[in-house]
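Contents: one structure, followed by commentary.
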Amino acid sequence: MSEDSSALPWSINRDDYELQEVIGSGATAVVQAAYCAPKKERVAIKRINLEKCQTSMDELLKEIQAMSQCHHPNIVSYYTSFVVKDELWLVMKLLSGGSVLDIIKHIVAKGEHKGGVLDESTIATILREVLEGLEYLHKNGQIHRDVKAGNILLGEDGSVQIADFGVSAFLATGGDITRNKVRKTFVGTPCWMAPEVMEQVRGYDFKADIWSFGITAIELATGAAPYHKYPPMKVLMLTLQNDPPSLDTGVQDKEMLKKYGKSFRKMISLCLQKDPEKRPTAAELLRHKFFQKAKNKEFLQEKILQRAPTISERSKKVRRVPGSSGRLHKTEDGGWEWSDDEFDEESEEGKAAISQLRSCPTQQHCLCLLQLFSAADPMGTLLQVPEQISAHLPQPASQMPTQPAQVSLLPPAEPAKPAQARSSGERSQETKVPISLVLRLRNSKKELNDIRFEFTPGRDTAEGVSQELISAGLVDGRDLVIVAANLQKIVEEPQSNRSVTFKLASGVEGSDIPDDGKLIGFAQLSIS
């Protein structure tokens, strides 16, 4: 590169960029290599479709301006941005080594992962650089919100940089991002998402990135996130209900994990603590014993870049039509597939989610997943109750009623029938027989309600029914996951789980004290 070309500012003229191979894609964006003629330099251009983006350009440009002021060797450099028709083009540094996810897939495809995908020294070297980048972001009041192998890029010299900082998350929130350090926006990929981000109750801070970092550490060793086989809603349930995942979670062949030692496992467990306050900061993690195994970038260059697929090899695997957008996107073969903002339909979790969607019997129950990952801020007030349902709700009273008010969602022609005791084998043969249930909880006026409804195995889904209860204004939107999880528990084992009491994510208000007996901050779901 000549001195003259290097001194030139980055062009904002579309004609100065020659688009080349597609090297990555998501539902709302495509990333292409390009050649910038005035600068005589190859770059990466992320083309974001603005068609469905609710963010004003003024707000979006402010965020990009803040992003462009981030200068760190472990953060991908953003050069400039401009609008081309209905797309926002982000011009970035091209890292020709691709993502760590590309390398993981390449190793797995060649069958070279039987003893673990990457060794400890390689993992430590990559993750130390990621921590340096996260420490910089966190010190500057920024949260990445989507740390994963697919967003860790490698340069041909073995350098490591974090990508997709800022803009993807900003677009997903409709621009509703303040500069404070606590977020209440629901963005990120479910498998890597921290529990507090899923709960949407207290908001979250930079410690959410530390959880995602821990999941990424597992991904680099095993080749996938712990719950990668499950569709998004199931991932949310497992993360919230189960103990934190570990290196062994979901791995059938434990032999592949034998070479990973105690310090690596301990580092992961520190990151994956459900209480974010107990997780270490990026700066504290950098002092962890495990990172003494880290080498330099020449080590990465020799160790894994020689095994990595080339840009042209990676580009052949991108099947989505560039420029397609939306939650349901069209593929090259003309079919439609669902994904979240940056969902990789080649990944295991992508396949599971798409399979879940295709098996949905009705559009009504498919919508729950689409709404869960919509750009709208999920932290709004309780949904308004439609008039036809509000007529059945109890009227305001000075004291809480001794008997719960009855709210029925059962079809008028088919009154609720008591579920008869049947063996699990008999029930599986009679999948069309509905289970009558009652959800008892307090409404916004603190009055007890009994909400009666039916669940038909083989037709209904727990998340679909829960979404309907929320849409009817009977359940707080923040309780979607916890209600769905307990409904799933009952319908899977109706004989052993005829009634469950559980804590609500929406919690209690003011001076109220949670009480599972009086159902203050709790709900009860039973087979009637």
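Going from the start of the chain as shown, residues are counted 1 onward.
Glycine is no exception: its Cβ is also placed from the backbone N, Cα and C atoms.
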Swiss-Prot annotation phosphothreonine: which of T55, T178, T185 has it? T185
Pick from S325, S496: which does Swiss-Prot describe as phosphoserine? S325
What's the number of neighbouring CB atoms sitting within 10 A of the CB on D146 (active site, proton acceptor)? 23
What average pLDDT does the predicted model assign to the domain 'Protein kinase' (17-291)? 85
